[in-house]
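Database features, via Swiss-Prot:
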ACT_SITE  Cys115  active site, proton donor
BINDING   Lys22, Asn23  phosphoenolpyruvate binding site
BINDING   Arg91, Arg120, Pro121, Val122, Asp123, Leu124, Lys160, Val161, Ser162, Val163, Asp305, Ile327  UDP-N-acetyl-alpha-D-glucosamine binding site
MOD_RES   Cys115  2-(S-cysteinyl)pyruvic acid O-phosphothioketal
Amino acid sequence: MDKFRVQGPTRLQGEVTISGAKNAALPILFAALLAEEPVEIQNVPKLKDIDTTMKLLTQLGTKVERNGSVWIDASKVNNFSAPYDLVKTMRASIWALGPLVARFGQGQVSLPGGCAIGARPVDLHIFGLEKLGADIKLEEGYVKASVNGRLKGAHIVMDKVSVGATVTIMSAATLAEGTTVIENAAREPEIVDTANFLVALGAKITGQGTDRITIEGVERLGGGVYRVLPDRIETGTFLVAAAISGGKILCRNAQPDTLDAVLAKLRDAGADIETGEDWISLDMHGKRPKAVNVRTAPHPAFPTDMQAQFTLLNLVAEGTGFITETIFENRFMHVPELIRMGGRAEIESNTVICHGVETLSGAQVMATDLRASASLVLAGCIAEGTTIVDRIYHIDRGYECIEDKLRALGANIERVKGE
């Protein structure tokens, strides 16, 4: 397995170009199964999960090409099963189910794998598809969905806010007969992006970005061209990189209005932040950040995917900060690793109490999930001495060329190839 060797401390400064959002590109790629004509998707990041998705779509009979953009032609889909060998590495595969059953009347997806954070059941996806009239069976490790004729529009009230299930129901409902209303829908920018992509293909969706999404079913979706929105979590990660190192950064191809909660906390930490239509700049003027209190919650509140990075910020900040995780249990696996680097923190229930220290020291640490690994790499950039981050395949699932981008900011980082 590859690892990163990071030599610190470094002040990170310079420019970085933000990639397309993985969490929008994935549902959009799966939603392209609904289209009867070719689709061009621009600004798709080069990531392991994207490669897996393109392989999966190819296995279903979709024609997939990548040359700058990703081109998808799902006019000749002839296989309706997503097998375990591809699904096991990636939970997002469940998003194939809604489009398959909506367009072809059948689909089956192996129960998924992915990051090891807490309970992420597929129950809400199944609940939504059953409400739309699909017959669902769990057999031999597969979720199997079928329907006679078309799915039927329904009024669906979600028990809890779920990004994944909102995507499944919304994409399946585009081809259902009649109107579907999703109450307590997720409001994330990536949901809005997926809805806007479907609208570009001819779907009738309103209310995306609110907790009530309305979908009027249409008979077919055509082709189109769509550009994936910038990755707000990658943007936030690089802003934190500059903030913890007293540095200065300009993020290009960013979308500031998707990051309000994160930018507010960075300002509280003492960062000087400016924004334009597609850029964000942050300047710490060489200062240490101040500790901040953070509570994760569904969008538009503070995103759980930025929690690990802000835990690190608090560990090197002036003062004591509290970070409360309300979305996933078991999402503090980075904390013991950061403590090994000299961080001072204790975990009480779903809150980590961080006591800022002036410096961290390099150590051998292990990545446990995607965002935790990013925080360990950033910690290595500012720690005294050498840090080795193991199991970085997690990072490759969600950050495009992270070492190249960090190197451009002055980090001393290299990838050590595994056996």
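Glycine is no exception: its Cβ is also placed from the backbone N, Cα and C atoms.
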Worksheet entry | By Cα-Cα distance, the member of binding-site residues Pro121, Asp123, Ser162, Asp305 nearest Asn23 (phosphoenolpyruvate binding site) | Asp305
Worksheet item: Which residue, of the binding-site residues Asn23, Ser162, has its CB surrounded by the fewest other CB atoms within 10 A?
Response: Ser162
Worksheet item: Minimum Cβ neighbour count within 10 Å among the binding-site residues Asp123, Asp305: which residue?
Response: Asp123
Worksheet item: Going by DSSP, is Ser162 (UDP-N-acetyl-alpha-D-glucosamine binding site) part of a helix, a strand, or coil?
Response: coil
Worksheet item: Reported as an integer number of Å, what is the Cα distance between Lys22 (phosphoenolpyruvate binding site) and Arg91 (UDP-N-acetyl-alpha-D-glucosamine binding site)?
Response: 13
Discussion item. Given a 10 Å Cβ-Cβ cut-off, pick out the one of the binding-site residues Lys22, Arg91, Lys160 that has the most other Cβ atoms nearby.
Written reply: Lys22
